[in-house]
Amino acid sequence: MPSPAEIVAALVSRHELEQQQQQQQRQEEDGNNDMAASTEKSRTSTPSITDKSAFPALGTNTLCSSPKAQSPATWGPKMKAPPISSTPVLKSTTSTTAASKTNGNGYAHKAKTSTIQEAFSLDIEDQLNVTRPEFIKILTFVMQETKTSIECTNSQHTKKRTFLITGKPEEVKLAKRLVIKKLTKPVKIKFLVPAKLRSRIIGQGGKNLKPIISVNEVKIEIGDEEEVNNENESGNGNGNGNGNAEADDNEKDDDDDIFSKTVQITIDGDIEGSKRAKNQILAIVKEETKNLSSKVALNDIVKPFANAELKSIVEKYPDLDFSIPDYKSSRNSIVIVGDRESVLEAKSDIKAALEKLNNEITVEEVPIPKTKHQFLPIDDVLEKCNVLIQLPKEDEQNVKFVGEKENIKQAQEEARKVTSQYKVEILDMSKAHKGNLKHVKAVAVLLNKTGAFKQIGLSNDVTINVPSAKVLQSQPQSQSYIPIEIVSKGGENNIKAAKKAIVNQVNKITPDQTKTIDDIDEFFFRKIDEKIKELAKTEGVDYVVLGNIITLFKSQDKQAEEEEEAEDFDVDDDVADSNSTLEAFNKVDSALDELRQLATRLTTESLGVTSNDLQAVSGPKGTTLKSILASVEPNTAAVEFGENVIRIHGINTSVAVIKKEIEAVLAEAKEYPDGYFTTISIPSQVVSRLIGKNGSFLNSLRDEFGVKIDVPLVENGTSNNNNSNSNKRDEGKQVEVTIRGVKKNVEEAKLRILSTTKKWADETLVRLKVENQYHRRIIGAQGIYINRLQDKYNVRIRFPSPDAPLSTTFSDAPKSKDEVTIKGPSKGVAKASEELQELYQFEKENGFKQTLKIPSKAISRVIGKSGGTIKDIADGTGVEYKFKRDDKDNHEEKDGYVELELTGSKSGLKESVSKIQEIIDEIENFTTRTIKVEPQYHRDLVGPYGSIMKQIISQAGGDNLPRNKYNRLLTIPNEGSGSDEVVSQGDKTIVDKIVAAVEKIVEEKKATVVEELELAKEKHRFIIGPGGSIRSEIEREYKVGLNIPRKDEESSVIKIKGLPESIELAKAKIEELTKDKKVGGSKRVKPDTVEQSEIVEH
């Protein structure tokens, strides 16, 4: 009687062909490669071995077939979802029915007991060649290890070995894995996936790749990106699986960027685990590429009209993203991105529309003067008429109008309307200065460089086009034509005025006003600006480098200033100016002596090489040559590649170094014909930083040095591409990095990586708890204190941002408002942390608070415009302030004041309180007083040259006030204004004193009288004294005015003006001075009876 395994083998053989036929039929109907699912009916009793419902025929043997026999694994725009292999099992339950799943490799059945049976087969080419005793030993070990029963038989038809495993579900699963692992050959499956999906496959911290590796017990390596061949390559299970059975002609346009670069994935393990891992990875790829990006080629004829023509198609597919280039773009394809089916449908519509458009477009050529090409309204005509105007190329003469035939006439008319508005005239500048072309070209470059032409154009409402220095330099010596194009929309007068201005400007700069220098080697021309730019500016010299000649000019700005200052022609001044200009030229010329000396050391070396040698010296993208040139000072040597020769020109020392470097590179290229590589070890915790976000840092190193850098997958196949907490666990471990390429580049990349990673490895992050209230004072005004710490110890100190929520964008970002982080070299961080802690303690000990009550009327003055006053006080004294205007007590409305809380050191609080109190006092003590004073006394208040008014303010204490406040202390109406109001504004104490002084002066003036004293004429000299000294002393002492008749006057009466008591004292003094003489009588008169001119006031 046959064994159960033999029965299963027979069923497998018979059913396999039927299964393949059914699968082929399904593929023809819908192109679906998914494995069919079968449903088994459960039985209420233990199934018979011969029962097909319990042991159905096996499927397509996906798990056990040879890699070479597999259909190619594919990815791309039309990739189908790969079948994910599983091993379904029917577990015994108390229910009467259950669904049973199958994937074609093994089947399970429903049973009442806790055991199940599973059958599977292995292809003979997948099996290890083991002896029968070894085979039995392996099965015995598996049965003992898993406590299962295993039967096995070989099929004569399929040459497969079939196994039937009986046992508990988990044990059956383990037994199957052990059988496959111990009896099959290890396989290596390679396939390609889009390079952009590398990080997606790995997942954050390896979360996607780790489960695939651990569940399938395989090793996975993900290589570097590589270019995809233009033609799809059919692959098998062992090779590059990028073939596509459904590829059609449309796919030729599908050169989406996501598929342009790939990475190769290599899976090592047993056949079942490797295939399952591959399918799981391809499932991730399929999910990420379910949207299609497709391109449609555009030819130059239809490209300008594509946007307008395809507008309806774009509106038809609102869910798709269309990128249609305009005629100016260098791109020649339309990109469509979105759902796969919609993209293909839209693509078909676009191709049909473009083909129809291409047949309707015609081209007409029109001769238009070249001077008017610049005015053709290309964009306007395209928008209005849907016709493109194409300017002629170098070998063409006419302008082309491209578009639909019925639109071209209208487009030509629009173009004619615009171009006819402009008038163009060419001024040949070569005729200036008697045809001295070298000088005239230099002048043209100078006026263009200094903006003189532009200024003339603006002044005359014209546009001036001048040949560039490059064009003038490239002109052959025989060509004597320097066209200055003047374009105007305003008329002939504008052009004439511009021409006249240009001619005058050019004629003013004569050859004898310049100096030419032609003894500087062209090799050093790049150093000219470095040597003379600042000196020339200081000396008022402009210069132009044209060809191998440097021309020095008198600065146009300086010349314009001198013309404005000049009032008349002066020959002597011209001579002096000429001498000063020559002296300036000589200084600039002398500054180039260093280059002349270096020119004596110039040399040239030549090396004969092969074409391969040239490539080796240049290196990938010129990186090796850049590295060689970096070994000497910039601009001291140059390397040129010729046919089988390398020329080195420059300073002899630099040339020698570069020659030696090139010879070393050539020797290394011969020593390492297949390329040089080296391996370095770096700390595992810095690998993520070496790679950078999305590989940015690693790619920058590759581009800079032209090398290939391999960072291996770390333990369990995960990559350090992403930042992970595992870095902490891996601290102290080393990761080997391999660098390949030209030896010189490799060694330099090695040094860069080692130095950079060493710096990273030494980086330390310290988090300090510092209350937020002290942050501002620790930072200091404009960050002065914290910047000093950062610069001193080369660290980065971060405080939480007051204007934004806490962010985790940076790994060293503070995690709370009361945290400060310090990141940098360990020693620097330690020192900075120590100083910061000391500063914190100091601020903490000096963090005193004081509350001020600010009267409501003084709030605006204390705050200032836009908070300027209070901010200045806070910054100047190092305090923090907070207005308590939202408190429950609402003192502002109820009590008329606002509380201001100040926080800072004792000295800072004292100073800030003092400044704020000054403002409050000024507001509270401010007063305005107005008094009525008759106009006749206004002059008495002012005094000669304002002396009395100044005296009043000074005596009141207003001398030291600011000018604006000083001027408001005493305001007296102007004479003749008719006003009798004298106003005083300011501090109440000062104002009161001023008002009192004014009132006193007015009272005194009102009480003033004039008395006449008869005194003999000959005695007048006794009260006048030498130079009027005695009279002045009397007037000053008794505050009176004396009017003494002149010698030629007949009157002998002296008039005394003042208060009655002062007059009496003055009279007594006069009598005392003239007591030995008889004094005549006197009489009192009213002051208004005496003319003002008769009174002398002091």
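Here the Cβ of each residue, glycine as well, is placed from N, Cα and C on the backbone.
Whatever TrEMBL says is automated annotation, not expert-curated.
Model, not experiment: these values are computed from the prediction.
The annotation region 'Disordered' is assigned in TrEMBL to 12-106 (among others).
Here TrEMBL flags 59-73 as compositional bias 'Polar residues'.
Positions annotated as compositional bias 'Low complexity' by TrEMBL: 91-102.
Summarising the annotation, TrEMBL assigns domain 'K Homology' to 185-286 (among others).
According to TrEMBL, the region 'Disordered' annotation covers 224-255 (among others).
Residues or ranges marked as compositional bias 'Acidic residues' in TrEMBL: 246-255.
The domain 'K Homology' annotation in TrEMBL covers 360-420 (among others). Under DSSP, the residues of the domain 'K Homology' (360-420) split into helix, strand and coil as follows: 30 helix, 15 strand, 16 coil.
When DSSP labels each residue, the domain 'K Homology' (601-667) comes out as 34 helix, 20 strand, 13 coil, counted as helix, strand and coil in that order. According to TrEMBL, the domain 'K Homology' annotation covers 601-667 (among others).
What TrEMBL lists as domain 'K Homology' is 674-758 (among others).
Taken from TrEMBL, the feature domain 'K Homology' covers 762-841 (among others). Remark: secondary structure over the domain 'K Homology' (762-841) totals 37 helix, 17 strand, 26 coil, with classes taken from DSSP.
Among residues of the same chain six or more beyond the region 'Disordered' (806-826), those with a C-beta under 8 A of the stretch's C-beta atoms are 723, 759, 762-772, 775, 778, 793-800, 832-833, 836. Taken from TrEMBL, the feature region 'Disordered' covers 806-826 (among others).
The domain 'K Homology' annotation in TrEMBL covers 846-921 (among others).
DSSP states for the domain 'K Homology' (925-1003), grouped as helix (H, G, I), strand (E, B) and coil, give 42 helix, 15 strand, 22 coil. Under the heading domain 'K Homology', TrEMBL lists 925-1003 (among others).
For 1007-1075 (among others), the entry in TrEMBL reads domain 'K Homology'. Taking DSSP states H, G and I as helix and E and B as strand, the domain 'K Homology' (1007-1075) has 36 helix, 15 strand, 18 coil.
Residues annotated as region 'Disordered' in TrEMBL: 1077-1098 (among others).
For the domain 'K Homology' (925-1003), the predicted model reports an average pLDDT of 89. Secondary structure by DSSP for the domain 'K Homology' (846-921): 41 helix, 21 strand, 14 coil.
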